[in-house]
Every structure is written in C-alpha cells, then in structure tokens.
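Quick look at what TrEMBL annotates:
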TRANSMEM  145-167  transmembrane segment
TRANSMEM  179-195  transmembrane segment
TRANSMEM  202-218  transmembrane segment
TRANSMEM  267-283  transmembrane segment
TRANSMEM  333-351  transmembrane segment
TRANSMEM  357-377  transmembrane segment
TRANSMEM  420-439  transmembrane segment
TRANSMEM  460-486  transmembrane segment
TRANSMEM  498-519  transmembrane segment
Amino acid sequence: MKKKGEMKKVIKVKDKVNDGQDDDPWWWLVQEGIRPSFLCISLFALLVRVAVGLHPYSGAGTPPKFGDYEAQRHWMEITLNLPPKDWYRNSSVNDLSYWGLDYPPLTAYQSYVHGVFLKTFDPDSVALFTSRGYESYLGKLLMRWTVLSSDVLIFFPAVLYFVLVYRSMRFGMGQNSDVAWHIAMIVLNPCLILIDHGHFQYNCISLGLTIAAIAAALSQKDLVASVLYCLALNHKQMSAYFAPAFFGYLLGKCLRKKNPLLEVTKLGLMVIGTFAVVWWPYLQSKDAALAVLSRLAPFERGIYEDYVANFWCTSSVLVKWKKLYSTQSLRIFSLAATLITCLPSMVQQILAPSSKGFLYALLNSSFSFYLFSFQVHEKSILLPLLPLTLLALEESRLILWLTHFAMFSMFPLLHRDKLVLAYMALYTLFILVYFAPCGPGGRCHGTKTLDNTQKTKRSVDFITSITFHPLVMGCLGLCSLILHVIYLTMHPPNKYPFLFEAVIMLICFSQFVLFTFYFNSKQWMLSKHLTSKDKQKKLI
C-alpha cells in the first residue's frame, strides 16, 4: 500500500511537470539547462547579425571621408603599417585629420589584430595610402566578419557568464522561461545590433568586457572585475560612464571588510597594473602619453554634435551654449553637472553596497553621463541600455519603453545610413520576443515592480503614475509612430531644416530624464530593505 501511494505521488508530480511544459512554450529550449538554451538563442542572434550585415553601413559610397566603417578600416591600415609610437601622432604618413585614432590603446591593438586578418585574405584593403575608401565586396565581407567574431569571442561568453552568476543569485528568475527570455533580451538588443552590424562599430567588445566585469563583481571576484573593467575602459573611453558605479560598489565592499586599507590597496594595484600593461608602449615618454590623451578628449569638437537627446543639445534650442560660453567654460559646466547627478547613486553604493543596487547604480551613472557629459553621441545610449537589459527581469515593463525611445533617438542616424528596413525588422523582432508567451514581458511582471515601488515613495509614485500611465504611454507611442512616418515621407520647412530631429530629440530627452529620476529613487529605496543586521555584516 505504501509503494502504491508513492507511485501515485510520482505520477502526480510528472503530471504537474507535463502541465508546466504544455503551458510554457519555452520549455523545450530550457529543459536541459542554461548552456544549451544560451547556445540556441546565441545562434539565432548570430543569424540576425549576419542578416543586418547585408544592409548598408555608415558612409557607404560617400567620399571623401565616408563614415565609421572607413574609420575602423583606416585604423587597421595605420596600426598594421606603422609602429605603435606613430599611431596617435600626426605625421606625413598618418594624417590625424583623416579618421585619426581617437580611442584608447586597446582599440588600437584590436585594430592591429583585425588588420592582420584582413591582410591575410585581402592585402589591398589595408594597404597604406592606397586603401582609402576601399569598398570591395571581399573587404566588406571580412570587415563584417571581424565584428561577428568579436561578438562570438567576447560579448556572448560575457553574457553567459553574467546569466550564470545572476541565476545563482536568484534575482527573480522564477521559471525556466525567464532564463531564456533574459538571454534573448541581452543578445537580441536591437540598438546594439544596428550600431555594430549595421552602422559599423565594435561596441560589443567594450560592452562585453563590462558585462564580464559586472558578473565578476557580483560573484565576489573583485580583483578580476577591476581588471576586466579597466580593459573595457581602455577599449572605449565611454566605458567611464560606469566608473562611479564600479568605484562606489567596490569601495563600499572594501570598507565593510576586516582590513579595508589592504583591500583598497589590492584593487588599486590591479588597476595600475592593468593600465601599465595596456599603455606600456606610450609610457616610455611624456610626449607619447600626452599624444594619446589628447586624442581621447576631442574638446575642439564642441559640447555636442548632431542632434542627441541629452541636456546640452536639447536646451540649445533656447540657450545657445556654443555662442554664449567658451569651450573651457562648457567643459566645467558639463563636468559639474555630470558629477552632481551621478554622485547620489555612487554614495548610496558606498554606504550600502548590494548586488542589485550595483546594477541600478550602473544604470544611473551611465544616464548621468549620457545626459550631461561633454561630446555625447546618439550611439552613447547603448551604455544606459546595457544595465537595463541586465535588469530586464526586475524592470520587464520599462525595458520595452526605454528600448523604444533609445531606438527612436537613433532613428535619424540610422536613416542616414539607409538602415530603415533593418530598423523596422529588428524592432518587430524585439516586440515579438518581448511579448513571447510565458515570458516576463508577456506576464507583465513590470507592473508588479511598479506597484511595489509606488507604495514606498511618493516621488516615484508621481513619476510612475504620470509617465507610465497607459494613456500617456499610448499617446507617446502614437506620437513617435507619427513622427517616424513624417520623417520618412515629408520634408521640413526650409527655415527649420532640422525641425524633425529637434522634435525627436525633445521627446526622447523628456523620457530619459524621467527614467533617471525613477531609477535613482529605486536605487535609494533598496537601502530601506536592508536590515540592521545586513548593514553590520562584514563581507569576506
């Protein structure tokens, strides 16, 4: 009788499992674990990237300077044919006015490696002087492959590392379908795919290194995290958008350990050592180091270029910053504004470091830099978007909204690159994946997050009730759709040739500001959930 009872229990359990499989269309993908599901989603994401790579790129067939594609190819040409000491120095063989290197040394080393690859199969594509504007079919194919390989070797493994760490910490991953959905939100980020594989850049390297650094920090490997983040910073200086969050979180953890001075010293030595290795060819002389630094901060370009949805560009409609103030004054203004807005987030992590708070700090500090720092580009929205994709399960409602406006803010840029078809296709794909049955997007978990938040703070209640009200969201969504159609079918008045860009910029900026207020409030409220025991606990 006892055995029969046990058999009945087993049958009931199996029935429940089968019911779960029937209700969860993602089950077949995640039944074997995270790694197989990650492999399937990554292969699909790779195919999507290949498809986008069939479209045009920045500056295609537009001499004399072409665009970002030519810049990346030219850097391969320079690093392959000149010694490192001449890479950042203006000379008769390296005209810095023609796409001179303006990223840190790790980008130069990456360009050299990719240049070797191109030279192996198509030497003419990286020949000194004669390869300017080189756009052969083979050359373009090889260039696209360098970005794909960067995704496969750096970005995808970093995402897997993060998801494994995140899963082990169980930040809300309830069902197996949540794992697959979360992976898809990160690797199928339409903004990143459009910029790297359409427009043509290598953001997947710096962002991949940043994701790996975040995962290492969350898994208590602080020394590894500091090295990985320094590598990201040495690949693209825009990775500094995350610096306040890393500084606050790592310092906060050090201060809670038994020997804070020793822990801070170890981190400092790892940072100095990493920078020393990467910068070694340029540490031989002061002039060489200054030559690199001068290229990393192009203040002569002005506080903004084109129409980017940040404070300086948006407010320039009323305040002509470039005419009223000198570049030196604007540098001080932007530095002060950036530090003031990212300081609360950093301080919160120093006082009460936590894993979830760290992810919100990354989001808040990157938004501060995007909105207020000097010389921001449309593509820089990729940086605030990264930590939000990592928090997709916590903010499953808002990731849809922010991704929508991030794409919208880049629409004029992508339109110039003739990537409208890819833009529409990737947006549609993102919506389909987001609303996949039994995924957090389809279950509207984001509503629960907002409700819990509204109960704890009035300011957040005001922001969420106004900004994220279905009627407001519907109106803004309809406005953006109409603006897309107008931008594609109509010409602006001759008196205001950039009217459409200005309206797009204004709408996106308003949303980004509200996101910044909301996420900063959300981060500070995390401190209230820490018990007195948690605050006194020493990290080992």
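Backbone N, Cα and C atoms are what each Cβ position is placed from, and that goes for glycine too.
Unlike curated records, TrEMBL annotations are generated automatically.
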Same-chain residues near the transmembrane segment (333-351), Cβ under 8 Å, at least 6 residues beyond its ends:
244-245, 247-249, 251-252, 255, 303, 311-312, 325, 357-358, 360-361, 364-365, 368-369, 371-374, 516, 520, 523-524, 526-527
Can you name the far-off residues of the same chain, 6+ from the ends of the transmembrane segment (420-439), with a Cβ under 8 Å from a Cβ of it?
23-26, 48, 51-52, 55, 175, 177-178, 180-181, 184-185, 188, 190, 193-194, 198, 399-400, 403, 407, 411, 414, 488
Tell me, please, if the transmembrane segment (202-218) and the transmembrane segment (179-195) are in contact, taking contact as 3+ Cβ pairs under 8 Å between residues separated by 6 or more positions?
yes
